[in-house]
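Annotated features in Swiss-Prot:
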- 11-33: coiled coil (COILED)
- 47-69: zinc finger (ZN_FING)
- 71-195: region 'Disordered' (REGION)
- 80-90: compositional bias 'Polar residues' (COMPBIAS)
- 99-118: compositional bias 'Basic and acidic residues' (COMPBIAS)
- 125-135: compositional bias 'Basic and acidic residues' (COMPBIAS)
- 150-165: compositional bias 'Acidic residues' (COMPBIAS)
- 278-322: coiled coil (COILED)
Amino acid sequence: MAVPGKKKLVAQEELRKLMKAKQRESSSKKRIESPLAKYNSLGHLSCVVCNSLIKSELLWPAHILGKQHKEKVAELKGTKATTSSPSNTIEYPRITKRKGSEPEKQESKRTKGSEDHPSASTTKLPEEFFEKEKTSSAGNAPSLKLLAGDYEDVDDDDAEEGEEYENAKEASSSLLKPAEIPLPPPTSSADNLPADFFENKMPLVSHSGSVLKADIQEKIVERKENTAEALPEGFFDDPEVDAKVRKVDAPKDQMDKEWEEFQKEIRQVNTVSEAIVAEEDEEGRLDRQIDEIDEQIQCYRRVEHLRDRKDTLQDAKMEVLKSKSNEKWQDEIGSDDEEKLPSLLYQNWREKGAFH
């Protein structure tokens with residue numbers, strides 16, 4: 001009897017293991033493949049931008065479309081644009097070719113500067129997050145190529161200008177923020193650059209010219225709108241043109257709208273007054289009906305009172321008649337007896353019964 005119990009326990013454990021394996025497979029299939037998604041050691045899903053845990057993979061699209069996530073993305077993009085714009089506004093002196101020893105010094109100083117200032121990649125964001133910044137920073141390639149261009153026909157006297165460039169760059173690096181990325185120094189020739197120098201995944205500094213152009217366009221549009229709104233009424237002789245420029249309704253349309261609104265208000269007032277009159281009529285009708293009912297009740301009461309009085313009078317009359325009839329009957333009986341007495345007395349007693 002003990003052997004079947006063990007078999008059942010073993011079967012239950014195997015079933016549990018199979019169920020857990022299936023759950024793991026289903027959970028692995030449902031994993032979110034997104035640069036913004038992150039799984040911890042326990043397999044819990046979290047958002048890299050918001051630093052918030054997400055209960056289920058089904059809630060990931062709703063979180064991406066949420067207001068908080070969009071605000072965080074906009075803030076990060078805004079800080080990226082603000083930190084990258086000052087680095088491009090620094091003006092460097094004219095760049096010339098230096099001797100072979102100068103590039104080595106430049107490289108050593110660049111490594112020191114990179115160690116002193118942390119790069120923008122410490123934000124722990126995915127590489128494909130700022131794709132727009134990468135496309136906008138593509139305009140820096142010509143300037144970088146100019147910085148890294150060939151300058152073979154320069155004399156050795158240009159070394160002094162190279163030293164001035166180094167001093168200017170050191171002064172500018174002290175002004176850069178920790179999130180900014182310094183520009184690469186020029187080398188002796190373009191062949192020393194790696195093959196994928198302009199195709200790396202590191203977020204490049206966006207050019208401030210595009211931002212300035214967008215700001216200028218927005219200002220122009222705002223000025224145009226402000227000028228159209230600032231025009232006084234009647235600036236143009238034609239009222240229709242004046243209304244069109246000031247982006248308002250034409251006088252005729254305005255009059256029509258006002259007339260329609262007036263008619264609408266009149267209809268509303270009429271409906272309200274009709275409702276009030278109907279309510280008052282209904283109340284008056286009910287009051288009249290109540291008064292009529294009260295009058296009918298009073299009339300019925302009077303009729304009942306008259307009927308009762310009639311009955312009492314009839315009863316009294318009947319009693320009087322009965323008493324009179326009794327008295328008359330008694331009077332008649334008494335008169336008959338008195339009339340018979342003398343006739344009996346005057347008769348002869350001898351003749352009594354003679355004819356019988």
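From the backbone N, Cα and C atoms, a Cβ is placed for every residue, glycine too.
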Taken over the zinc finger (47-69), the model's mean pLDDT: 87
Secondary structure content, the zinc finger (47-69) (per DSSP, counts of residues): 11 helix, 4 strand, 8 coil
